[in-house]
Structure formats: C-alpha cells, structure tokens
Amino acid sequence: MARTTICALATPPGRGGVAVIRVSGPAVPAIARALAGRLPEPRRAVLARFCDAGGDTLDEGLMLYFPAPRSFTGEDVLELQGHGGEVVVDRLLRRLHALGAHPARPGEFSERAFLNGRMDLTQAEAIADLIAADSEASAQAALRSLEGAFGDAVRELVARVTRLRVQVEAAIDFSDEEIDFLADEAVAGQIGALIDQLQALRDKAGQGRVLRDGMQVVLAGPPNAGKSSLLNALTEDDSAIVTEVPGTTRDLLREHLHIDGMPLHVIDTAGLRDDPDRIEAEGIRRARAAMAEADRVLLIQDIREPPIDPAALALPGDIPLTRVYNKVDLSDEAPGPRRAGDEVAIAVSALTGVGLPALRDHLKSVMGYGEAGSHFSARRRHLDALARAADHLALARRALVEEMAGEIAAEELRLVQHNLGEITGEFTSEDLLGEIFSSFCIGK
C-alpha cells in the first residue's frame, strides 16, 4: 500500500454543475478533519463546508469517506463533490496540496487499485476502454472485462496449465514412472484440450480487440473495379474521387464508420496491376502494406470478369478475404451473397446500392454483431501474449507426446503460465505498467 496521498479532479475540467475531487492514501482521515472539521461515517454522504487554513469557506458540498480496504484503490479514499467552477476547484486542490496530498499522475488511482489487489490488469485497462468507447458494442465489451470476464477466462486456463505442469514435474521426480506417465493417452488428451481452450480464448480476444479498436478493412483489387465507388457507398459520402480513368486512386484513403454500432475502418487503395508508373507504384506499395496490417481484405472486381486469383495479385494469404463482385447492375447476375466452397462472395452495385445491405450484414457478422454481449474488451498486447502462450503450449505438446521429454515440457508449460500471467498482471514490469496507466485520464 502506498505511503503517499494523492488527489485529482475526477470530472472533466472547466465549468459545470458539479466537480468531483478524489483523494486516496494514508493521510485521508487527517485531511478530512483539517478540511471539513470531521471524518464522515464510512459510505455516507454528508454536507460539509470545505475551509482554508484560516477557517474561511472555500466551497460547500458533499463529502464521502471510503476506508481501506473496501474502496476503489484499496486505500482510504475521500471524495469531495463541490461546485464545478475552475476557480473553486483550483482553490480546493491547492488546499489539499498544502495538507499533504500530491497531484496524481494519469491513471494513478487505477494503478493503486491494481497494485493493492482490487482488480487485475485487464479490469484496470477496461476502465480506460469504457471511457474511450465510441459504440454500444465496445462499451458493453469493456463492461464485461471490467466485471472480470476476460481475467476469469485467463485464470481458468492458467489453473489447468498449472495442474498439468504439477503432474509432469511429479513424474520427473519419479523417473521410473516418467515414461509411463508421458505415454499415457490421458496426457495427450489434457494438452489437446488446453490447446483448444486457448484457441477459443484467442478467438474471443480477437473479436474483443475488433470491438475496442474497430475492424480494419482494406478495399483491394484491379484498377476501375469500383473500390472508390464502394467506399463512397459504404460511407454514404463522396469521400473518394471516382472517374473512368484507371489509376485515379494513388494513395490510401481512410474512412471511419459504424454499422449498427460496430466500428469499422475502411481503407481505399490504389488498383493492383503490372507496369504502373512511378507514383502509382508507390501507391501499390502502400496498398500492400495496408493489406498486411488489415483484419480483412475485400477483393473487389467487375462481376463480368473471370474470378481473380488472389495469388496473382500477391494478396496476403493469412488475412481473411471476402470477394465482392461489383457492377452487378450491368450483368444478369442476382445481387447478394454467394458461396463457393469455403469462400464468401457478395455481388453488389456500388452505383445503385443493390447488394450493399448483404455486404453490411456480412461485415457485421465477421465483427461479432449479435454476439457482442458475450465478448470482452481486448488489446493488442493481450493478443500478443496469447499468441506466445499458444506457441509454448504447442512446444509443450511436442515434448510430451512426441519426444517424451518431461523436463522440456515442464519448462514450456511454465512459459505458458508466464505469458498468460502477463495479461492479468500476475507477471509484469514497471515499464509496462507505466505505459498502460499513463494513457489514463488524471483522476482515474
């Protein structure tokens, strides 16, 4: 528990009806008595005069006291609810500083809550995600993380990994039993179930990252396929210049939109073709770089042309792809979704709008629309940690099932635990904590 006491304005600065100032730390009882002449009963709002050192009133408002450990930070917390004027707030903060409370750093209240065991790191990050949410779906996902859905799923997986690791290490200690244990089909079953559980968690976290950050979709295809027209149709705005001249789009054009509350970042790119001029070649290079970072690529082509081989355009093979056949109004084909094997395709007309509702429904579906209530908020660092854990779990499986190498398997399982623990903050560094909490608001 911290030895210093901190304070900060918890509401937005400026003029308003009410300003909330938060104080946390061991000096809270003394500060309350010096400021208002008394320490309120825990969790009861009382009307109080907030006075300066000479006894003159600085403001009048409500005061609440939350004793440790049952407070947001796990420390003694005092909350002052006064009038929302800049001068009033400034005078109160200067009085608190004089009484020994230091100005809080951004996110320091949440950091103390984490360090004092009031929440794990996913819950602390969810506070910032909830504040920054720009859609109902992302707000709901952040709330589920704040309630512990993500952290609980990680801890359940860690518990199962730990049990298997204990079994492996016990077998190593009794070398005459090690081979029999490692050869047991039940061990292969356990590690297989762990791999499946981890993959399911990665899938959910990936959806959660999309809900938090938005899905990045790149419009790709040959020149004059209608990429810019489709961007304008999706955004319902003339964002992109559209002409009949091939190669009109030379640079990336980014637009942000919501489809029924689901955040989407759409990037229009230069047409992909051989023998471009020097400027167009740079546009194509940027298009390929954008595709490599995308969550999904929409491969757009004229429906009257033969289906394009993605490999012929050197599209990234590891990025999910949806085919969009444009200009259906110029053909005898029916608009809407179609499927060839595992491939999803949708016929549309960016000009007339037919087929666009089906495309929007498809984008909503791949973003997890309708399932948002079961998702939690996730960040890129979470996905990276889960990927590292999956790599080590695969190595542990090989050591256990194929190589009968118990000591190697035990070490790989330890690394799985460590990487999962980085998500919840069980294993972390001061640099990581500083990076996370520095992005928070002051007063949070």
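Cβ coordinates come from backbone N, Cα and C, glycine included.
The (6S)-5-formyl-5,6,7,8-tetrahydrofolate binding site annotation in Swiss-Prot covers R22, E79, R118, K444. Neighbour count (other Cβ atoms within 10 Å of the Cβ, all protein chains): 19 for E79 ((6S)-5-formyl-5,6,7,8-tetrahydrofolate binding site).
Annotation source Swiss-Prot lists domain 'TrmE-type G' at 214-368. Mean model confidence of the domain 'TrmE-type G' (214-368) amounts to 82 (pLDDT, 0 to 100 scale).
Around the Cβ of K227 (GTP binding site), the number of neighbouring Cβ atoms within 10 Å comes to 33. The feature GTP binding site is assigned by Swiss-Prot to 224-229, 243-249, 268-271.
Reduced to three states, the DSSP call for N224 (GTP binding site) is coil. The K(+) binding site annotation in Swiss-Prot covers N224, T243, V245, T248, and the record cites sequence analysis as its basis.
Other C-beta atoms found within 10 angstroms of the C-beta of S228 (Mg(2+) binding site) number 24, with every protein chain shown included. Taken from Swiss-Prot, the feature Mg(2+) binding site covers S228, T249.
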Least Cβ-crowded entry, counting other Cβ within 10 Å, from the binding-site residues listed as R118, K444: R118
E79 ((6S)-5-formyl-5,6,7,8-tetrahydrofolate binding site) - helix vs strand vs coil (DSSP): strand
Pairwise Cα distance for K227 (GTP binding site)/E79 ((6S)-5-formyl-5,6,7,8-tetrahydrofolate binding site) [Å, integer]: 54
Those residues of the chain, 6+ apart, with a Cβ under 8 Å from that of R22 ((6S)-5-formyl-5,6,7,8-tetrahydrofolate binding site): C7, A8, L9, A10, V77, L78, E79, L80, A104, F109, G443
(6S)-5-formyl-5,6,7,8-tetrahydrofolate site, defined by R22, E79, R118, K444: further same-chain residues with Cβ within 8 Å of the Cβ centre: A10, S24, S71, F72, T73, V77, F109, S110, A113, G443
Three-class DSSP secondary structure - R22 ((6S)-5-formyl-5,6,7,8-tetrahydrofolate binding site): strand
Recorded (6S)-5-formyl-5,6,7,8-tetrahydrofolate binding residues, R22, E79, R118, K444 - maximal Cα separation rounded to whole Å: 18
